[in-house]
Amino acid sequence: MLAKRIIPCLDVRDGQVVKGVQFRNHEIIGDIVPLAKRYAEEGADELVFYDITASSDGRVVDKSWVARVAEVIDIPFCVAGGIKSAEDAAKILSFGADKISINSPALADPELITRLADRFGVQCIVVGIDTWFDDATGKYHVNQYTGDESRTRVTQWETLDWVQEVQKRGAGEIVLNMMNQDGVRNGYDLEQLKKVRAVCRVPMIASGGAGTMEHFLEAFRDADVDGALAASVFHKQIINIGELKTYLATQGVEIRLC
């Protein structure tokens, strides 16, 4: 059995790490490199960096900090932000990233997933999915350009359909960003995770809602996710990664201890 992964998420805007609630009202957390170094030292299994306004601004992630992060950590990390071509991806990987993640650009050009997977291998290609539960329709819908609330829009895709589509096109991993739960620390949306797990054959990462160690346990035990991503509980030092992993191990979760 593969070990479950604990993944701190660092949302980047204007060269700094920020954090919002339900993808809105972002506050500055701190500088990118020191936070990355801290999480690696605490025992994170990997890191994910999202340049949250790159796609909506029509630009690619700032590669200068990617190289600086690669110099100070010895764990895998994934970078997302405005990657629209194999050339964009190649540059980010050449600066030291282990994976690249695409989200809004994949919705605009689904064939991009296949082009990237063919060139770099599926193990390198992560697709992020920003999913919102609509009370009016009772369905989960995929959103686009969520890094800028003034430009965020609901797409024509229902979440389960898009999950299946990106797998067909070559996604090697899926990060499910559950927008309703983001930043509120009330737990992951287990119902949605179970539905997605039923149709997801590639590694699946839960994102949005972690507030306690028990929330991580529930995601692993009840929804069988491969990794749990979180931000505010780590940024604000509500949960220590080493202590979290020790707790999960005592609960029978296969985890890499620090």
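Yeah, the Cβs are placed from backbone N, Cα and C, and that goes for glycine too.
Record features (Swiss-Prot):
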ACT_SITE  ASP11  active site
ACT_SITE  ASP130  active site
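Neighbour counts of Cβ atoms within 10 Å were compared for the active-site residues ASP11, ASP130, and the top value is held by ASP130.
Note: the Cα of ASP130 (active site) and the Cα of ASP11 (active site) are spaced 14 Å from each other.
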